[in-house]
Amino acid sequence: MSYFEHLPAVRYEGPQTDNPFAYRHYDKDKLVLGKRMEDHLRVAVCYWHTFVWPGADMFGPGTFERPWHHAGDALEMAHAKADHAFELFSKLGTPFYTFHDLDVAPEGDSIKSYVNNFKAMTDVLARKQEQTGIKLLWGTANLFSHPRYAAGAATNPNPDVFAFAATQVLNALEATQRLGGANYVLWGGREGYETLLNTDLKREREQLGRFMSMVVEHKHKTGFKGALLIEPKPQEPTKHQYDYDVATVHGFLTQFGLQDEIRVNIEANHATLAGHSFHHEIANAFALGIFGSVDANRGDAQNGWDTDQFPNSVEELTLAFYEILRNGGFTTGGMNFDAKVRRQSIDPEDIVHGHIGAIDVLAVALERAAHLIEHDRLAAFKQQRYAGWDSDFGRKILAGGYSLESLASDAVQRNIAPRHVSGQQERLENIVNQAIFSSAK
């Protein structure tokens, strides 16, 4: 008997259902702004938290009894894990999944065995995708768990570690391409420092820039059509990470001429750790032209670490979706659940409940954001607020028609006395709340 065999397939039954194994709001074929809900959300289930994490923390060992965690032949366990993973994906009805290379294949005892194991499991995943119709949203490489990466991967002081990391990324990128992945994610889990006393910041930054450039070069060499994405995070496991937030990543990409080659995968919990709102990071990514995809989860404001809980805030996600919708929606990206059940949630039902609730929250937030878009009083207010910059005078300033001196001279000659006007924050917050709560059916 499989781990999820006793659980039913999850279907939409509407908001009045009492069935805990049904969607109340996620109706995948429902049209929202003329597009199917499933196509807006592009939901993905992650391999690592769902099938790899054993329920351990720094104070105790794993609490989960998953059949694929049992001792045995490593490749056989990887096959069993894939069987259970695609069973869950199918029962949830989610169209996408995501993985790290070492989530799906054992590393083995050498670099050659790593390559062989990963290729063998890529064949397995290809067959699973063909059998189920489930697609790969993105793949990535785990460059942070093995002790060799204690001092980083691309930023490591040992070039052999850099080379091992390059081998993993090459294989993970090519596997992602073979599996039809829409994106490839680069997360520098240990690309940072714990102390400046042993760190050469300039050298490590240059190493990281060269590594990213090599990935871009290989993407073009192989013809991979997906997007390359960096996932910002300010700290953890290192004290300070070089991909701190969206703005920092943009500065890094610009320094190495990669701003047109790599975009960002934004995680809600990482925004929290960086002292930003999820809304801020998404809006900033669009403003800088590097928005790519989203890791949907939540953190805990009372904890200073990455709790990776399932998202449950319609209010937070409505504003996130508002930015995504008003900028045209996802292209290659989607909503990946980088989220895990709690350590005490040890039953297979808990995994399913976590995803059902999170998917329903996404669905509600999407519809509330669509309501904001349809009656876009926020955009109308912003247009009015910045109207002066659309005047001949404003456009002339931005076009370089004034020097600092000539602009000051003009201001004195016209004897200007500009006055402050209301930002109307309270009214705008009311508009958002009306969209969230008044449109509930």
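Glycine too: its Cβ is placed from the backbone N, Cα and C atoms.
For reference, Swiss-Prot has these:
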type     : residues                       : note
ACT_SITE : HIS100                         : active site
ACT_SITE : ASP103                         : active site
BINDING  : GLU231, GLU267, ASP295, ASP338 : Mg(2+) 1 binding site
BINDING  : GLU267, HIS270, ASP306, ASP308 : Mg(2+) 2 binding site
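The recorded positions close to ASP308 (Mg(2+) 2 binding site), defined as a CA atom within 10 A of its CA, are ASP338 out of HIS100, ASP103, GLU231, ASP338. Looking only at Cα atoms, ASP295 (Mg(2+) 1 binding site) sits nearest to HIS270 among the recorded positions HIS100, HIS270, ASP306. Those same-chain residues not listed among GLU267, HIS270, ASP306, ASP308 yet with C-beta within 8 angstroms of the centroid of the Mg(2+) 2 site C-beta atoms are LYS233, ALA268, ASN269, THR272, LEU273, ASP295, ASN297, GLY299, THR307, ASP338. HIS270 (Mg(2+) 2 binding site) has its Cα within 10 Å of the Cα of these recorded positions: GLU231, taken from ASP103, GLU231, ASP338. In the three-state DSSP assignment, the secondary structure recorded for GLU231 (Mg(2+) 1 binding site) is coil. Its Cβ taken as reference, HIS270 (Mg(2+) 2 binding site) is surrounded by 30 other Cβ atoms within 10 Å in the chains shown. The Cβ of GLU231 has fewer other Cβ atoms within 10 Å than any other of the binding-site residues GLU231, ASP295. Using Cα positions, the member of the binding-site residues GLU231, GLU267, ASP306, ASP338 nearest to ASP103 (active site) is identified as ASP338. Sorting the recorded positions ASP103, GLU267, ASP306, ASP338 by the number of other Cβ atoms within 10 Å puts GLU267 first. Separation of the C-alpha atoms of ASP306 (Mg(2+) 2 binding site) and GLU267 (Mg(2+) 1 binding site): 10 Å, rounded to the nearest whole number.
Between the C-alpha atoms of GLU231 (Mg(2+) 1 binding site) and HIS100 (active site), the distance comes to 13 Å.
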